[in-house]
Amino acid sequence: MFYNSSKILFTTIVIIGTLITVTSNSWLGAWMGLEINLLSFIPLLSDNNNLMSTEASLKYFLTQALASTVLLFSSILLMLSNNLNNEINESFTSMIIMSALLLKSGAAPFHFWFPNMMEGLTWMNALMLMTWQKIAPLMLISYLNIKNLLLISVILSVIIGAIGGLNQTSLRKLMAFSSINHLGWMLSSLMISESIWLVYFLFYSFLSFVLTFMFNIFKLFHLNQLFSWYVNSKILKFSLFMNFLSLGGLPPFLGFLPKWLVIQQLTLCNQYFLLTLMMLSTLITLFFYLRICYSAFMLNYFENNWFMEMNMNSNNMKLYLIMTFFSIFGLFMISLFFFTL
């Protein structure tokens with residue numbers, strides 16, 4: 001991806017668009033940043049050799065354009081309500097703005113475009129969509145104080161993200177539903193504290209990067225590829241499924257730390273009903289991750305592998321194994337660090 005000069009240019013503009021939105025002090029400036037981000041992300045998605053990516057870029061454009069139109073319309077209404085002495089209901093306008101931002105981020109109940117679009121992307125584009133493209137809408141959502149709509153979105157996101165991933169055989173759709181579930185956790189952390197949201201987002205981005213990095217190297221796109229993948233290299237297979245469990249939030253691993261922080265803060269805020277729902281949904285996601293891991297470790301295919309041979313001493317493998325080490329033992333290391341302090 002990064003050996004192409006045009007892709008470097010568009011990636012830079014995507015980053016600039018997000019930074020404009022985050023640093024903007026008006027809704028119009030935020031809208032402009034989102035538009036720059038959208039129009040520079042579409043060329044990164046489209047690929048002449050792949051019809052699926054062209055379809056995905058068109059789906060992305062239509063949904064984001066709809067959300068941008070609603071955002072622009074409602075921000076103009078908000079300005080009018082301030083000038084006309086609140087003749088227009090301000091909370092209603094803010095609710096429309098939040099709906100547009102939830103559509104942009106792919107949170108439930110506005111999530112329908114997200115899994116279908118993920119199916120047509122390369123792993124690097126999918127990673128950008130799951131991580132970087134969430135920053136601007138979530139930052140804007142944090143400026144709006146509409147607890148009711150946010151609460152509904154959190155509950156729906158964690159439930160749909162958990163149930164939607166149960167019957168998936170495509171790894172990209174699995175990661176998409178996992179992203180929707182994590183988005184529910186991030187939105188719930190936004191209700192409490194922006195700093196916890198930032199911590200959760202950074203940990204989620206790291207764990208998603210580790211998995212997509214591996215999927216991209218070996219061009220893994222479906223579950224049956226995982227089952228017959230690399231029978232001879234037990235370390236790689238074991239590390240991949242440990243990263244899966246870490247992303248799911250299984251307690252000994254690094255992925256449990258941000259969930260732990262959110263659970264602690266929600267308990268202090270007496271949000272017991274929401275917390276119970278979120279934990280139950282996480283148990284469902286862990287169930288299908290464990291089911292994948294169990295099947296892959298039990299099944300031993302003896303047919304010839306057509307995957308490329310990977311040298312364990314190559315730079316990519318060293319980087320992957322270092323990141324996996326942090327993913328598995330990160331929680332112990334951070335706990336030890338705080339304990340010594």
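Cβ coordinates come from backbone N, Cα and C, glycine included.
Heads up, TrEMBL stuff is auto-annotated, nobody curated it.
Residues or ranges marked as domain 'NADH:quinone oxidoreductase/Mrp antiporter transmembrane' by TrEMBL: 24-285. Residues or ranges marked as domain 'NADH dehydrogenase subunit 2 C-terminal' by TrEMBL: 286-337. The annotation transmembrane segment is assigned in TrEMBL to 7-23, 58-80, 92-114, 126-144, 150-167, 198-218, 238-260, 272-299, 319-339.
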Can you say which of 58-80, 150-167, 198-218, 272-299 has the most Cβ pairs under 8 Å with the transmembrane segment (126-144)? 198-218
Please report, as numbers and ranges, the same-chain residues at least 6 past the borders of the transmembrane segment (92-114) whose CB is under 8 Å from any CB of it. 27, 34, 59-60, 63-64, 66-68, 70-71, 73-75, 77-78, 81, 133-134, 136-138, 140-141, 144, 146, 149-150, 152-153, 156-157, 159-161, 176, 179-180, 183-184, 187
Residues of the same chain, at least six outside the transmembrane segment (198-218), with any C-beta under 8 angstroms of its C-beta? 122-124, 126-127, 130-131, 134-135, 138, 171, 175, 179, 182, 185-186, 189, 229-230, 240, 243-244, 246-247, 254-255, 257-259, 261-262, 307-308, 310, 316, 319-320, 323-324, 326-327
